[in-house]
Amino acid sequence: MLSVQTTRAAKLQLGQLPSIAYTARSGRLHHQFYSTVAEKTANPTPNTSDKTNIFDIRTKVYDETDIRKHDDNQFITHPLFPHPTFSQEDCLKVGYEHRPPRTFGDKMAFRGIELVRGSFDFVTGYKKPKTQADIDSGFKGTRYEMTEGKWLTRCIFLESIAGVPGAVASFIRHLHSLRLLKRDKAWIETLLDEAFNERMHLLTFIKIGKPSWFTRTIIYVGQGVFCNLFFLFYLANPKYCHRFVGYLEEEAVSTYTHFVHELQSGKLPKFENIKIPTIAWQYWPELTENSSMLDLILRIRADEAKHREVNHTLANLDQRKDRNPFGLAIPDLKEPQPESGLKVTKPHGWEKEELKL
């Protein structure tokens, strides 16, 4: 029987007409939305200037009234991986947590992240605050002072890299499953979900601002180098690749925690009354058309915290034999087990002895 996937009526834009199209590949019916002539007429050219210095790394933030004018209005399909609901209370509880390296491989993975982060910080003009004075001052008057454009650049570059590991790892495991004629025990699905989620972060940010050509060039080079290196390292030792990604997600949580503090303290006035892009409240189920930039960043930080937990957990498992504990919830267990939400979390990852595998 064919199944029909529908979006919530509250999230249909005015002027959009649903049209059902059959997808032969998946055997499902999907709603696709097509812009009407009236919608195109009512969607004038954005006011934000497209002129940028080719060597300027800052992202040009769209005017508050321009945000919706950059929405994609044609052939919009549903997210392949529906996002779980995160409450505001649970999102506010998320914070930076560090898993101390325990083995030589852990130390190498952590040192690798420190090297990558140091280079990334230098290019984006960012300095991680270490004291309360640093947090309060925001490095005002120095090259490390973060503006709305610099924050968007950092987030866009971070998400363009963070979406690589899940895609590469799932591809390798897919080939491994085909080659050895056996099931993958749900690793592929979780890794694909992670890659998809990171890409949704990126697609959301590019609807808020336009990155410069210099930033785009760095993304091209960075993705090409990182993707190939991660592919080779994952073939050699997937365990420590997951540990590497766990530490990468720790830094992502740290970055977004700093971002949240700057929003809460009113240091980013351009973001105070901004309208979040349509793609955001169509993807995160608890967001609405009236949600704030702070609400959005809290959800993105929560996503990164969940990726941190997932990858630190996967690094603790037997890469060939153990199942992915996030792929299936086993009922009637007295001990808590991993889940896709934020109610039960372990920032340092679940140890193998704690899991029902």
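Quick reminder: no glycine exception, Cβ is built from N, Cα and C everywhere.
As annotated by Swiss-Prot, Fe cation 1 binding site applies to Glu159, Glu198, His201, Glu304. As annotated by Swiss-Prot, Fe cation 2 binding site applies to Glu198, Glu249, Glu304, His307, with the evidence given as similarity to another entry. As annotated by Swiss-Prot, compositional bias 'Basic and acidic residues' applies to 348-357. The region 'Disordered' annotation in Swiss-Prot covers 330-357. Under the heading transmembrane segment, Swiss-Prot lists 152-172, 218-238, citing sequence analysis as support.
Between the CA atoms of His201 (Fe cation 1 binding site) and His307 (Fe cation 2 binding site) there is a gap of 13 Å. If you draw a 10 Å sphere around the CB of Glu198 (Fe cation 1 binding site), it holds 26 other CB atoms from the protein chains shown. Listed in sequence order, the residues of the same chain lying 6 or more apart from Glu304 (Fe cation 1 binding site) and placing their CB within less than 8 Å of its CB are Ala162, Glu249, Ala252, Val253, Tyr256. Same-chain neighbours of the transmembrane segment (152-172): 57-59, 61, 120, 123-124, 126, 146, 187-188, 191-196, 198-199, 201-202, 205-206, 208-209, 211-212, 215, 218-219, 222-223, 226-227, 230-231, 234-235, 238, 241-242, 244-245, 248-249, 252, 255, 259, 304, 307, 311, counting only residues six or more beyond its ends whose CB sits under 8 Å from a CB of the stretch. Within 8 Å of the centroid of the Cβ atoms of Glu159, Glu198, His201, Glu304, where the record puts Fe cation 1, the same chain has further Cβ atoms from Cys155, Leu158, Ala162, Gly163, Asn197, Arg199, Met200, Leu202, Ala252, Ile300, Asp303, His307.
Close to the recorded Fe cation 2 site, the chain also has Ala162, Glu194, Asn197, Val245, Leu248, Ala252, Val253, Asp303, Ala305, Lys306, Arg308: residues not among Glu198, Glu249, Glu304, His307 whose Cβ is within 8 Å of the site's Cβ mean position. By the criterion of other Cβ atoms within 10 Å of the residue's own Cβ, the least surrounded of the binding-site residues Glu159, Glu249 is Glu159. Mapped onto three states, the DSSP output places His201 (Fe cation 1 binding site) in helix.
On its own chain, His307 (Fe cation 2 binding site) has Ala162, Glu194, Asn197, Glu198, Val245, Glu249, Ala252 as residues at least 6 apart in sequence with a Cβ closer than 8 Å to its own Cβ.
Neighbour count (other Cβ atoms within 10 Å of the Cβ, all protein chains): 24 for His201 (Fe cation 1 binding site). The secondary structure of Glu159 (Fe cation 1 binding site), as reduced to three states from DSSP, is helical. With helix defined as DSSP H, G or I and strand as E or B, the region 'Disordered' (330-357) counts 3 helix, 0 strand, 25 coil.
In the three-state DSSP classification, His307 (Fe cation 2 binding site) falls within a helix.
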